[in-house]
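Presented below is the structure to which this report refers.
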């Protein structure tokens with residue numbers, strides 16, 4: 001079926017607008033639970049970076065890179081599966097299971113006495129975080145129609161901004177005082193609050209089939225393929241350029257196996273699977289595909305900024321880990337207002353393409369500005385460039401899921417949103433790898449030999465030397481800082497090209513009407529248990 005025909009059928013189906021969703025205490029409590037779950041997952045993902053050197057020293061471990069990677073790999077791998085589980089078993093059971101796993105992982109990390117134990121705890125945390133992020137988005141889609149969802153998605157972006165803004169600062173502050181274990185202990189009361197609120201207020205409709213029928217309906221083969229291939233690719237990307245060279249068997253074998261597994265996954269989903277994790281409709285129309293590509297190309301430069309701007313401030317400006325986290329505030333806190341504004345504009349106008357195009361132009365411009373930054377550039381300019389970038393990313397992050405969902409039946413929203421979260425998370429792994437590879441290879445050729453002679457030639461040299469730059473006398477110190485500035489400059493220029501691909505991918509999406517109903521099979525039950533808030537007797541685009 002052609003894209004035009006498929007999309008025309010979907011968006012012109014008759015639908016009856018529902019009455020406005022009652023914004024009562026229970027509704028806002030559910031919104032609060034969703035935001036709390038988002039906050040937990042995102043705070044844990046962002047706060048660990050500034051505390052890593054202290055944690056590595058305390059546990060006498062050299063595998064510090066896996067403390068962050070274990071979380072990201074597990075979160076990436078389990079996101080598609082979490083959407084399928086939520087569709088079969090219901091939203092609340094999977095959210096409660098995710099909160100429990102996240103809490104257990106936090107406890108294991110807090111009491112860890114070895115690096116291996118900490119890494120295992122981080123993997124459990126990441127598995128729980130996958131459900132927290134994807135199921136939260138799914139619940140929002142259950143109770144708020146797509147046309148008015150932009151405003152509520154802005155609240156999620158506000159939560160993201162707060163977590164991204166304070167996370168590195170909290171990590172640096174706790175590490176500085178020797179209390180790094182509280183990075184994990186602080187999660188436990190928040191998890192407890194989220195569980196209590198979920199049990200009390202999150203009364204959602206769920207399938208009534210027998211548990212055996214639910215298990216049979218799960219796409220176990222597809223889940224195995226996407227989890228195993230994602231883990232394989234992520235491990236290869238984590239090792240590449242840091243632990244092993246790109247041409248080494250340790251990198252090439254898992255990378256090729258993982259990529260082949262992903263191809264096999266999509267072939268299986270399209271050709272063989274009766275109830276696929278990724279609905280065929282989501283990957284067979286140009287507008288939804290454009291949305292997926294856009295979030296991938298947006299996440300790559302954004303995560304790189306979050307990950308490598310602290311490297312710039314520490315290596316080129318002599319900032320402490322805590323200060324470098326604070327110097328990320330302009331990026332984090334400029335995303336939020338424009339994300340909210342974009343969501344409100346989509347709700348008001350029903351259009352999402354103009355906002356996305358403006359956002360992409362701003363992103364490309366801002367990354368080009370970062371490409372002009374050198375070690376001697378004034379800090380105020382770099383902070384200003386962050387604000388420009390934050391405006392662009394706020395607009396794009398708030399507008400990209402509209403083209404994903406607008407062409408699709410409401411019945412496949414859960415799987416489509418879970419895959420959307422997977423693409424965004426997977427892009428983050430590629431982002432860190434691309435930036436790390438460019439930085440590593442450039443640094444090795446540009447650092448003065450009299451400086452590198454002080455260190456064993458490890459693959460992670462650019463991390464190892466940052467703390468020693470201030471101890472070096474001039475003019476060698478300026479030469480080292482210039483080397484880092486040049487390496488990061490090349491990184492930003494490459495990411496400018498990636499941003500350009502995002503702009504190009506946005507040009508093919510179509511402007512489609514937004515659903516004004518929610519799926520009648522899901523939603524919040526009335527207190528009597530006979531109805532649900534935010535549903536209608538007919539679904540827009542699903543017969």
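From the backbone N, Cα and C atoms, a Cβ is placed for every residue, glycine too.
Keep in mind the model is a prediction, meaning the values are calculated, not measured.
Positions annotated as compositional bias 'Basic and acidic residues' by TrEMBL: 520-530.
What TrEMBL records for 533-543 is compositional bias 'Low complexity'.
Marked as domain 'Major facilitator superfamily (MFS) profile' by TrEMBL: 30-514. Note on the domain 'Major facilitator superfamily (MFS) profile' (30-514): mean pLDDT across this stretch is 84.
Summarising the annotation, TrEMBL assigns region 'Disordered' to 520-543.
Counting residues 6+ beyond its ends, the transmembrane segment (25-43) has Cβ neighbours under 8 Å at 75, 95, 98-99, 102, 128-129, 132-133, 135-136, 139-140, 143, 152, 155-156, 158-160, 162-164, 166-167, 170, 187, 190-191, 193-194, 197-198, 200-202, 524, 533 in the same chain. Look at TrEMBL and you will find 25-43 (among others) tagged as transmembrane segment.
Taken from TrEMBL, the feature transmembrane segment applies to 63-82 (among others).
Annotated transmembrane segment per TrEMBL: 94-115 (among others), in sequence order.
With a cut-off of 8 Å between Cβ atoms, the residues of this chain six or more beyond the transmembrane segment (158-176) that come close are 35, 38-39, 42-43, 45-51, 53-55, 182-183, 306, 310, 320-326, 328-329, 332-333, 335-336, 339-340. The transmembrane segment feature in TrEMBL is assigned to 158-176 (among others).
The list of residues near the transmembrane segment (182-204) in space but at least 6 beyond its ends in sequence, with Cβ under 8 angstroms from a Cβ of it, reads 26, 29-30, 32-33, 36-37, 39-40, 44, 47-48, 51, 90-92, 95-96, 99-100, 102-103, 106-107, 109-110, 121, 139, 142, 170-171, 174, 522-525, 532. Taken from TrEMBL, the feature transmembrane segment applies to 182-204 (among others).
Annotated transmembrane segment per TrEMBL: 224-246 (among others), in sequence order. Same-chain residues lying 6+ beyond the ends of the transmembrane segment (224-246) with a Cβ under 8 Å from its Cβ atoms: 65-66, 69, 72-73, 76-78, 80-81, 252-255, 257-262, 264-265, 268, 277, 422, 426, 429-430, 432-433, 436-437, 440-441, 459-460.
Taken from TrEMBL, the feature transmembrane segment applies to 252-270 (among others).
Here TrEMBL flags 291-313 (among others) as transmembrane segment.
Sequence-distant neighbours of the transmembrane segment (325-344) (same chain, 6+ residues past either end, Cβ-Cβ under 8 Å): 50, 149-155, 157-158, 160-161, 164-165, 167-169, 171-172, 305-306, 309-310, 313, 319, 355, 359, 379, 383-384, 386-387, 389-391, 393-395, 397-399. The transmembrane segment annotation in TrEMBL covers 325-344 (among others).
Under the heading transmembrane segment, TrEMBL lists 356-373 (among others).
Cβ atoms under 8 Å from those of the transmembrane segment (379-397) belong to residues 157, 294-295, 298, 302, 305, 309, 312-313, 317, 327-328, 330-339, 341-342, 355-356, 358-363, 365-367, 369-370, 373, 502 of the same chain, restricted to positions at least 6 beyond its ends. As annotated by TrEMBL, transmembrane segment applies to 379-397 (among others).
Taken from TrEMBL, the feature transmembrane segment covers 490-509 (among others).
A contact links the transmembrane segment (291-313) to the transmembrane segment (490-509), because at least 3 Cβ pairs that are 6 or more residues apart lie under 8 A.
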